[in-house]
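**Student:** Here's a structure for you.
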């Protein structure tokens, strides 16, 4: 069963609906105290980094997520949820993240591409990955974002994508910590397979 954290900044309905379609039991909850009952935790996210971190902290999800990881259990961050895993972000100022993946969240700059990136883009694998099992390399996924993750540790990068003249980290996989910048719940069969792989890990 998958615990989907409701901290007021998530695409909860579409994520829950995707698991329901896959026949995988998932629960949406705004109570951090309930997280310890589940082996899999998903942190969705749509919105701005600062308010999202404030909400996580206020509801106690920050410590609950760290404790979950310390127990060797797996977690998946989606879009903003991925960015919250990093150490800090420059979005609308300087904000500290969960710091479970060392690195920064930076803004795209481009004179040619329109920002934010909205739409389909391909994903190039950097290593054998649990998340991308049975998903062909360079599959297309759906993105909506103006900021990207820049992890300090290259070995944590599971996949990259090219946008705004830059190859950026579009997926992270590290000791049961998983994160994707794209929205798997909006990415057709490839995205559903990613969610299935996480749930079955």
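Using the three backbone atoms N, Cα and C, a Cβ is placed for every residue, glycine included.
Swiss-Prot lists these features:
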type	residues	note
ACT_SITE	79	active site, nucleophile
ACT_SITE	183	active site
ACT_SITE	185	active site
DOMAIN	1-201	domain 'Glutamine amidotransferase type-1'
**Student:** Hey, how far is residue 79 (active site, nucleophile) from residue 185 (active site), Cα to Cα, in Å?
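**Tutor:** Spelling it out, the Cα of residue 79 (active site, nucleophile) and the Cα of residue 185 (active site) are 11 Å apart.
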**Student:** Taking the Cβ of residue 183 (active site) as the reference point, list residues of the same chain whose Cβ is under 8 angstroms away and which are at least six residues distant in sequence.
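**Tutor:** Within the chain, residue 183 (active site) has Cβ neighbours under 8 Å at 11, 14, 78, 79, 141, 142, 143, 144, 191.
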**Student:** If you skip the near sequence neighbours and keep only those at least six away, which residues in the chain come within under 8 angstroms of residue 185 (active site), Cβ to Cβ?
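**Tutor:** Those within reach of residue 185 (active site), by Cβ under 8 Å and sequence separation of 6 or more, are 11, 14, 15, 17, 18, 78, 191, 192, 195.
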**Student:** Where does residue 185 (active site) sit by DSSP, helix, strand or coil?
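**Tutor:** It is helical.
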**Student:** Count the Cβ atoms, other than its own, that fall within 10 Å of the Cβ of the residue listed as 'active site, nucleophile', considering every protein chain shown.
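**Tutor:** I count 28 other Cβ atoms within 10 Å of it.
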**Student:** According to DSSP, folded down to helix, strand and coil, what is residue 79 (active site, nucleophile)?
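**Tutor:** Looking at the DSSP assignment, residue 79 (active site, nucleophile) belongs to neither helix nor strand, so coil.
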